[in-house]
Amino acid sequence: MSGLRLGCDDRCLSCNRACEWLQPVCFLFLSLRSPWAGPLHIIILFMKHGTVPLMVINSSDPSGLETALYDVSDPSSANYRQHLSKSEVEKFVAPKPESVDAVNAWLNNSGVTAQTLSPAGDWLAIEVPVSKANQMLNANFSLYTHADSGNTAIRTLAYSIPSSLQGHLDFVHPTTTFPVTPPSGPIIVAPPQRRRGRRATSTSSAPDSCATEITPACLQALYNIPTTPATVSSNQLAIGSFSQQFVSSTDVQSFLTQFRPDLASDSGVNTTFAIATLDGGQNNQSQPTVEASLDVQYTVGMATNVPVTFISVGSDNQDGLAGFLDIINSLLADQQPLQCVCSAGLSAYLHPLRLGDGGVSGVQSTNSCTTFLPTFPSGCPFVTSVGATQGVNPETAASFSAGGFSNIFAAPAYQSTAVSGYLSTLGTTNAGLFNATGRAYPDVAAAGSFFQVNIGGKVSPVFGTSASSPTFASLIALINDRLVAAGGATLGFLNPMLYSSGLAALTDITSGSNPGCGTNGFPAATGWDPVTGLGTPDFNKLLAIVS
């Protein structure tokens, strides 16, 4: 099979003509790097019917925004949880006048009119024919077909920009980066093998039956999650849904009747969920899917009476990035962004994110890969990444839980001590297979095996970090409810707190591993590890720490 090898993720795609194995070519300063590197970015998002909408992103003071974020997120700061307003944030990301002038001049000379997409004016979109995109970017966009999935994408192997945009433009997307079909989130197959190991310190009262059948009652016992209803309506939880994932209201109610019967007798508790759509998204309730059903049932069923919104993003076979960023922009347009859980690895308020379920292999074949593949955006320093555990009394690391070190983002200061300790213990194990200086993940973990989910009227066991993420998000949503009800502020970006004062509220998981690529992967260990992070949460302890 012929194909193209493009980028650091080593994706194999076939072309409609014979090709050699190639490496991507980037012009000027348009190379792989952090989006914080420059003041202006361009993204090409969708390519439909021979047209190419371009999205322009710029930021006037990203370093100032990052400084402000850490200032309100660090428990040792006098400004801890004194969150910035929407308008204050927009001042950091609003376009620089000189960058706007340079880009507008380029667009005007090309006969193109832009549309502003974001409240701060830092995202612009234009829609042009592919021929015009080729002219503007000195590119050669062609249609490629993925050998396995059959998905198509319009990409170019190289592009360039006018020198007048240098210093104003950071990257163009998608150009040389090809889309990746992520691994399926939940696994409804034979359970992973349990591993023996040392018992983690825990006050869990979960019965042993929870080792083979996780229900809301199990999670409440494992993590001391209360059943007392939330009281603050402004504290909401959003679920990001991609790739034609749907949920049935009937299934949700059946799930609650079976596993949260206490809610049926309390007419004051909201057991429904709102639906929002982006990019032509929909919710076909006659075709419920595993991912969406799991997310909604275990947020409505765990975050008792917290308003839940299911955000459905329209189908996009480009690379999933478009829909993900559209959700982020939509949330940032609100005066108070929702807490958001995304169970698809493809933001500072809480953003629990599942890792993926391929161990250290990521989305690669576990048998043929020769290097560990980090997932995105779980490797971003500004999300809270959630790994998976299995079993009870004690919990151990789930073998399918992805984890590792980013190849793009450097390790943030908040985790340097925790991660350096692990690397010292790891020694030369897996040397050369991962980037030891990269942002390490996950940050925390939660149960991810044997989740009972109602799908089309039938209850089935589900496995995956897709189960862990809504569990952790629900716990944090309930903590935020208690904080706001007491006159305080929500937690916001969690990670600096989790790696400092929050450690006392996390149960260390010290056994198990996430094998892949012909190795045993990373072993769980005392302290932080790349399988379960800092450990699993205890609601009562965490609430006491942050109150």
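Glycine is treated like the rest: Cβ placed from N, Cα and C.
A TrEMBL annotation is a machine prediction, not a hand-curated record.
Taken straight from TrEMBL:
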REGION    182-208  region 'Disordered'
DOMAIN    213-547  domain 'Peptidase S53'
ACT_SITE  E291  active site, charge relay system
ACT_SITE  D295  active site, charge relay system
ACT_SITE  S466  active site, charge relay system
BINDING   D508, I509, G527, D529  Ca(2+) binding site
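Feature map: annotations from TrEMBL on the structure.
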| residue | record | CB count, 10 Å |
| --- | --- | --- |
| E291 | active site, charge relay system | 26 |
| D295 | active site, charge relay system | 31 |
| S466 | active site, charge relay system | 31 |
| D508 | Ca(2+) binding site | 22 |
| I509 | Ca(2+) binding site | 31 |
| G527 | Ca(2+) binding site | 16 |
| D529 | Ca(2+) binding site | 31 |
Of E291, D295, S466, which is closest to D508 (Ca(2+) binding site) if I measure between C-alpha atoms? They're all active-site residues.
S466
Can you tell me how far the Cα of I509 (Ca(2+) binding site) sits from the Cα of S466 (active site, charge relay system), in Å?
19
Within 10 Å of D295 (active site, charge relay system) by C-alpha distance: pick out those among the recorded positions S466, G527, D529, and say none if nothing qualifies.
S466
Could you state the whole-number distance in Å separating the C-alpha atoms of D529 (Ca(2+) binding site) and E291 (active site, charge relay system)?
26
Expressed to the nearest Å, what is the distance separating E291 (active site, charge relay system) and S466 (active site, charge relay system) at their Cα atoms?
7
If you measure G527 (Ca(2+) binding site) to S466 (active site, charge relay system) at Cα, how many Å is it?
23
